[in-house]
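Shown next, in structure tokens, is the structure this report addresses.
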Amino acid sequence: MKVQMIERIFLIQLCLLTVVLASSRAVVEFESTGTKLVNSLRVLAAYSQSSVCVDEKISGIERQIEEVKDMYGNHSFILKGLNGILNNKVNMLTREIQMETVGNNTFETETGKLTKGLNRAVNISPFKYIKKFKTVSTKKFESLLNKYDLVAKKGGELTEEQKKKKEVLSRISRVVAATTIEAGLAQGVVDLCITVTTSLCLVSASIGGVGFLIWLTIIYQALT
């Protein structure tokens, strides 16, 4: 019994360490992408004929990138998602530069899009969307469970198959309701992934993930 307890404690510590390391890597990757993005903007600025202060605009983008990093630095899942979107933007700008399709107004257009997208990342909370989908899913599970309970209240008896379905639904419902997905997605399900089956853990993470993807789409639309 003591051996099992020690093993479980060790496993939990290992998982938490993995989360911390993943968070650190996510920050480093995000910083690297931010640097590439700023460098691309400086190249675009060379083509610009606008009288607007280039350095001021680029400094504004740098401040926004730093603000996003500080805000989501402890949420590697979120930072990785944003990093993917910004990295896509870097690749797009790189192609434009290589193909020499940069126009006189490209710098102003792209800095405007980036300002808008990063502003959304800061001012629109991803947790709002994650929590909304979690709440909707929890209510759906409760509704399904109530149907089985209604059969019992009417004096009926569930079949073996129905009993199994109810048990699975009940377990998933508990995981979804208890998991603090809105507090950090991957980080929030660490302990539950240790104590319940992997499939249930993935279900709970996926439910929050739907809301997260919608949030990323809102930012992506601003950047494009």
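Cβ coordinates come from backbone N, Cα and C, glycine included.
Annotated features in Swiss-Prot:
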SIGNAL    1-26  signal peptide
TOPO_DOM  27-174  topological domain 'Extracellular'
CARBOHYD  ASN74  N-linked glycosylation site
CARBOHYD  ASN104  N-linked glycosylation site
TRANSMEM  175-195  transmembrane segment
TOPO_DOM  196-199  topological domain 'Cytoplasmic'
TRANSMEM  200-220  transmembrane segment
TOPO_DOM  221-224  topological domain 'Extracellular'
Per-region confidence, the topological domain 'Extracellular' (27-174) (mean pLDDT, whole number): 84
ASN104 (N-linked glycosylation site) versus ASN74 (N-linked glycosylation site) - Cα distance in angstrom: 39
Per-state residue totals over the topological domain 'Extracellular' (221-224) - DSSP helix, strand, coil: 3 helix, 0 strand, 1 coil
Reduced DSSP assignment, ASN74 (N-linked glycosylation site): coil
Least Cβ-crowded entry, counting other Cβ within 10 Å, from the glycosylation sites listed as ASN74, ASN104: ASN104
Number of helical, extended and coil residues in the topological domain 'Extracellular' (27-174), per DSSP: 122 helix, 0 strand, 26 coil
